[in-house]
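Shown next, in structure tokens, is the structure this report addresses.
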Amino acid sequence: MSSSGDIRIPSRLPLLLTHEGVLLPGSTMRVSVDTARNMQLVRSRLLKGTSLKSTIIGVVPNSRDPEHETEELPALHSIGTAGLAVQVVGSNWPKPHYTLLITGLCRFRVEQLLRERPFPVAVVQQLDKLEQYAGLDSGDADVSSELGELSQRFYEVALQLVGMLDISVPVVAKLRRLLDSLPREALPDVLTSMIHVSNKEKLEILDAVSLAERFKKVLPLLTRQMEGLKLLQRTRKPRLDDDRRIIPIRKGGGLAPGQLSMEDDGEEEDSDDTSLLERRVRGSNMPEAALRVCLKELKRLKKMPQSMPEYALTRNYLELMVELPWSKSTTDCLDIRAARVLLDSDHYAMEKLKRRVLEYLAVRQLRNSLKGPILCFVGPPGVGKTSVGRSIARTLGREFHRIALGGVCDQSDIRGHRRTYVGSMPGRIINGLKAVGVNNPVFLLDEVDKLTKSLQGDPAAALLEVLDPEQNHSFTDHYLNVPFDLSQVLFIATANTTATIPPALLDRMEVLQVPGYTQEEKVEIAHRHLIPHQLEQHGLTPQQVQIPQDTTLDIISRYTREAGVRTLERKIGAICRAVAVKVAEGHKATKTPSSSSSSEVTTAQEGGNKGEEPIGGSVDLSLPPEMPIVIDCQALKDILGPPVFEMEVSERLTLPGVAIGLAWTPLGGEIMFVEASRMEGDGQLTLTGQLGDIMKESAHLAISWLRTNAKAYQLTNMAGGPDPLEGTDVHLHFPAGAVTKDGPSAGVTIVTCLASLFSGRLVRSDVAMTGEITLRGLVLPVGGIKDKVLAAHRAGLRCVILPKRNEKDLEEIPAHVRADLQFVATSCLAEVLDAAFDGGFRGPAPSLAPPPVLSKL
Ligand SMILES: Nc1ncnc2c1ncn2[C@@H]1O[C@H](COP(=O)(O)OP(=O)(O)OP(=O)(O)O)[C@@H](O)[C@H]1O
């Protein structure tokens with residue numbers, strides 16, 4: 001699209017005769033070359049020539065059909081366009097041919113044909129010379145003013161037309177950019193090559209050597225094109241959702257006011273839509289920086305056709321920006337006394353946690369600020385961590401939003417994707433804010449311990465910024481790309497264990513342990529909260545179903561084994577469903593006329609009273625059930641099936657070489673059996689049950705200590721020798737082999753188990769123990785005492801052996817549990833063994849060989 005003014009073409013040009021299309025100066029055309037003459041020209045001039053000059057050829061329109069090309073050269077058109085062959089592509093299929101890409105430089109007149117074969121060559125006269133058009137400021141004032149006016153009018157119409165063309169077509173976009181800088185005299189040719197005109201019309205433009213004539217000839221073509229476009233827009237108007245290829249005319253930007261009337265109604269609606277968005281952007285109260293970005297995006301949006309994929313992206317972005325609660329917040333209504341009542345009424349037990357939460361809220365109320373550590377509730381599943389978080393939001397009168405972080409391994413889950421990505425979206429924090437619609441909600445970051453690292457970055461690192469009160473006032477989501485103030489958000493985190501929380505994250509949080517519940521607490525929680533909740537969920541009333549405390553205790557001890565109450569709630573749900581069926585059937589039965597006899601109903605109820613078929617059996621369905629339906633042991637079995645967990649503890653301790661340890665897992669405390677056996681061998685120790693290194697070391701320590709003290713305790717090998725390992729292999733197994741176990745706290749249990757094996761004496765079946773050991777036989781403190789003691793209590797054990805230095809932890813244990821259990825605090829292994837065996841361990845064994853294997857029952 002350059003002016004031809006500075007171009008000098010050679011005076012002799014090889015001629016390419018085109019039979020389709022007319023090349024005009026300033027435009028580029030693809031020409032298919034397959035006639036003999038043209039092929040020759042390409043081969044000998046374009047493919048062999050090396051200079052720039054050799055790539056300039058004369059393109060002359062030829063109306064004769066190439067199929068009928070004859071030896072004789074047709075009469076040549078007198079005007080042609082000198083063109084630069086910028087690309088030559090050859091192909092042999094379907095027949096040998098070339099495709100040329102030629103850019104038109106300037107017009108020429110054929111003066112004299114020099115030769116015809118193998119391709120025509122002619123002496124030419126260059127026509128489009130800048131000097132010639134410099135008539136705009138030439139001496140002839142009339143000509144110059146007429147040309148000036150013409151060119152100005154032409155420019156205005158051109159501007160209007162270009163505004164209507166589809167900007168997504170690259171050449172249109174380029175033209176729009178260059179329109180102002182292009183010399184006016186180049187415009188007629190350039191625009192003619194872009195609009196719909198016939199070859200004949202193009203030929204006329206080519207022949208219009210005088211500039212004024214060219215302006216005059218092209219003007220009606222432009223007007224015709226605009227009319228056509230307008231008509232097209234009008235016919236498309238009813239299909240508003242259509243991809244409109246016509247872009248709206250730019251507002252402002254040099255157009256005369258009258259020209260705005262060219263916008264049709266469809267465009268008005270479109271711009272209405274964007275101006276509505278603009279109004280929303282301006283009214284959304286967003287900070288200065290965000291507003292600036294939005295306005296910039298709006299400006300881009302206005303210039304984009306809707307068919308562009310970026311249009312939808314930009315629109316979505318702006319919609320999100322408008323919807324975000326930049327300055328919308330709820331008013332805190334914190335009354336500590338009311339908060340206490342609410343927390344107590346929502347949750348039974350968990351006193352320590354509730355106390356700390358109240359302290360936290362009280363400080364926030366007094367300081368009127370949220371800066372401070374983030375609370376992190378750590379405990380087994382189903383102990384009410386999430387539900388305490390929800391209660392906190394309620395006490396504050398704030399919106400609540402839970403962000404599940406379990407399994408999140410991509411940084412952009414927290415911080416969003418940059419908008420350059422296909423399918424990019426904001427992170428969970430910004431999404432959460434959009435969902436709650438206020439900027440001061442309570443966000444519960446659930447399961448922070450389950451965050452994992454991956455190739456997509458470390459989500460925990462992204463959370464650091466979110467949780468740091470010093471930084472989170474300008475949290476920048478990649479998608480938004482402008483800071484959002486998170487300082488008003490109250491974050492609470494939950495986790496099952498602190499072990500897998502990244503240290504930097506843990507450092508920003510105050511950990512509050514939420515231990516598991518005792519059986520009695522579970523019974524209370526069930527009756528105060530879970531049963532009423534489940535009844536409501538199933539549309540039942542206490543008048544229809546009653547679950548006595550004994551039944552609840554039965555569910556807890558025989559159908560669940562958990563630290564929390566989630567399975568318990570599920571089991572209660574199962575009971576409610578079964579009852580709901582009965583009640584619904586009863587309703588139907590009472591409505592049928594056949595059951596109208598009251599005496600019959602009474603008889604049926606009496607049958608029910610006997611408890612023969614309380615619920616699951618074959619009750620006569622035509623009769624209404626007795627109300628309330630009481631869930632007794634039999635009904636429980638019918639609904640839930642046979643008990644899942646039986647008291648198997650004493651059954652498993654009928655042989656020497658078995659002891660019960662206490663383990664702590666993220667799911668709460670557990671009792672753990674340790675089994676040992678010995679066989680003839682050469683002193684090997686085999687350990688099975690997926691043990692970690694620390695546990696393996698504990699086993700070696702235990703063996704060494706027993707060998708050292710074998711004499712004192714009269715421990716012998718299989719042959720009765722003084723070294724327990726001489727000629728003997730020992731195998732230690734920790735059942736539940738699929739679960740990895742580690743930690744030092746099984747030390748005392750291993751020693752006790754081996755002492756039982758080597759001495760042939762049975763360990764007390766009602767004793768569980770925990771404690772780390774040293775080579776010298778000392779017992780060191782361990783963690784998780786409360787959960788471990790609760791697990792022992794759950795399992796129905798009577799005595800717990802624990803390290804002396806853990807005695808202080810017993811205070812946390814509810815009084816009734818403490819009352820049920822006997823605690824033996826030990827500081828050395830001798831004390832442990834004394835407590836673990838009936839009658840102590842020092843005294844001689846009642847009978848050593850052969851060991852009478854008696855049940856302790
Ligand atoms: N002390 C309690 N008082 C009343 N209801 C409770 C108590 N503890 C737990 N619940 C109930 O137990 C159910 C499970 O609690 P929740 O979902 O809060 O457990 P969680 O500790 O968050 O578990 P997870 O770690 O698996 O997320 C809820 O219905 C909750 O109301």
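Cβ from N, Cα, C; glycine included.
Unlike curated entries, TrEMBL annotations are predicted automatically.
The shown structure was predicted, so the numbers you read here are calculated from the model rather than taken from an experiment.
The domain 'Lon N-terminal' annotation in TrEMBL covers 13-226. Residues annotated as region 'Disordered' in TrEMBL: 250-274, 586-619. The compositional bias 'Acidic residues' feature in TrEMBL is assigned to 262-274. What TrEMBL records for GLY379, PRO380, PRO381, GLY382, VAL383, GLY384, LYS385, THR386 is ATP binding site. The annotation domain 'Lon proteolytic' is assigned in TrEMBL to 653-839.
Each residue in PHE377, THR494, VAL514, ALA563, GLY564, ARG566 lies on the same chain as GLY379, PRO380, PRO381, GLY382, VAL383, GLY384, LYS385, THR386 and has a C-beta within 8 Å of the C-beta centroid of that ATP site, without being one of the site residues.
Under a cutoff of 8 A between CB atoms, and with a sequence separation of 6+ in the same chain, the neighbours of GLY379 (ATP binding site) are LYS385, ASN496, GLN513, VAL514, PRO515, GLY516, ALA563, GLY564. The domain 'Lon proteolytic' (653-839) scores a mean pLDDT of 86 in the predicted structure. PRO381 (ATP binding site) has a Cβ environment of 19 other Cβ atoms inside 10 Å. Annotation for PRO380 (ATP binding site): spatial neighbours ASN496, VAL514, PRO515, GLY516, GLU562, ALA563, GLY564, PRO666, LEU667, GLY668, ASP787, criterion Cβ-Cβ under 8 Å with sequence separation of six or more.
In this view, GLY384 (ATP binding site) is surrounded by 24 other Cβ atoms within 10 Å of its Cβ, with every protein chain counted. All protein chains included, LYS385 (ATP binding site) registers 26 other Cβ atoms within 10 Å of its own Cβ. The Cβ neighbour count for THR386 (ATP binding site), using a 10 Å radius and every protein chain shown, is 19.
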